[in-house]
């Protein structure tokens, strides 16, 4: 038998997952706009409103991610990844040509198109990765989704800190990284990531859970490592290069899992084990078994179609699948929609305007704030998922209460930034990161909300109010220095978050019964399991 590297072998399956993690670790480039926005503004002589509408174009690209979702059922994973990587290469490549002055700045509408392409490119990558990995690890969907989204949260910090370490925060070098690195990483996933049969036995599921734990540990170590680099101040060239090398080693460390499985496979071959043959025998009835419950459920579903299903659809339960048209007919959806708009829309405004916010408060380099937002967004995702799940199991606490808490925390952060106290931008970046991470768990549910929130809070609010305070520059753009530049913006966004807090509390009240039933069901299952043991 010997060494196997086919996609269907355990080694190939986990090698594919490692490349999927790498793609996620470089696919959060949508949130890096502040690292090069000031260069675009000065080169194209833009007002803040014009610059912010460029960032809106980037966020509109995310809304077109629905196309990637539709394509995922019709196109193979390599094609979806190729579309995303080529689109990103073109979108960010053209921006690099402009910022590096290799070509003259393009007309404004053309730049909007290329920023939209850059924003849309990551949706193809994320869709290909998430759909394929969930299909490959169907019985461990939760851990898979958490790991992949966690690495997306870290990707902005990974890009920002690598560029800071290697290229001294050069905007043109940063854009070149955004164009080339995702393209090359996607090529590795195109080669190794395929849809393969899921685990067949409970022992395989447990083994998968252990490996996922290792991926989580690596993610936390990377996050802490990035945070340590950010908070230790300015570094010399040699130290920065050493940091970059160690970071790349950490990101490559999950390769130890497929290598370990490859060694195991060789040892089993040498001992003439028949486990591989047994696995293929088991695999055939597995596919049939998975389709049986669907067939068995159809008569039951048909019998209830006229009497019960419509009632259930009019009372959506969090965690239950809905079509967009079913969701639009519910009050709870619109409460969640506006709440999401208040939290994520204001968060996007901060991330898109961080470059000018930092410059207004006297910071020449704003990359640390971009990185802090990314890192604490990662911790926000981890904490919100585990903490909310714990309190659901313990007392049926509705998840919207945690969203409400994040809204209040966000409002406090905006007030601190409005006061412009020493260090307030550091605190604000951390708070916005945590709260945006909490909301990021329901990101895919309301993807169309992103461009609307970006347009209202970043494109209109921040753009108009900044321009009202700014002074014209010789080239036709404008600039503003001082705490007053964004003070009113922060106050308005704090009010929006307070409104969002009220909506989240209302949603928690409306869904309290649902979570009480979830808690009661889990409690009864737990008690029955204990009684059966005795």
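Cβ from N, Cα, C; glycine included.
Features of the protein shown, as given by TrEMBL:
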{"type": "DOMAIN", "residues": "13-258", "note": "domain 'Nodulin-like'"}
{"type": "DOMAIN", "residues": "324-516", "note": "domain 'NFD4 C-terminal'"}
{"type": "TRANSMEM", "residues": "79-96", "note": "transmembrane segment"}
{"type": "TRANSMEM", "residues": "108-134", "note": "transmembrane segment"}
{"type": "TRANSMEM", "residues": "173-193", "note": "transmembrane segment"}
{"type": "TRANSMEM", "residues": "214-232", "note": "transmembrane segment"}
{"type": "TRANSMEM", "residues": "238-263", "note": "transmembrane segment"}
{"type": "TRANSMEM", "residues": "333-351", "note": "transmembrane segment"}
{"type": "TRANSMEM", "residues": "357-379", "note": "transmembrane segment"}
{"type": "TRANSMEM", "residues": "423-439", "note": "transmembrane segment"}
{"type": "TRANSMEM", "residues": "446-466", "note": "transmembrane segment"}
{"type": "TRANSMEM", "residues": "486-509", "note": "transmembrane segment"}
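The list of residues near the transmembrane segment (214-232) in space but at least 6 beyond its ends in sequence, with Cβ under 8 angstroms from a Cβ of it, reads 21, 143, 146-147, 150-151, 154, 157-158, 161, 165, 243, 246-247, 250-251, 253-254, 257, 368, 371-372, 375, 378-379, 382. Below 8 A, the CB atoms of the transmembrane segment (446-466) and the transmembrane segment (423-439) form no more than two pairs separated by six or more positions in the chain, fewer than 3 in all. With a cut-off of 8 Å between Cβ atoms, the residues of this chain six or more beyond the transmembrane segment (357-379) that come close are 28, 31-32, 34-35, 38, 150, 153-157, 160-161, 163-164, 169, 219, 223, 226-227, 230, 350-351, 417, 420, 425-426, 429-434, 436-437, 440, 479-483, 485-486.
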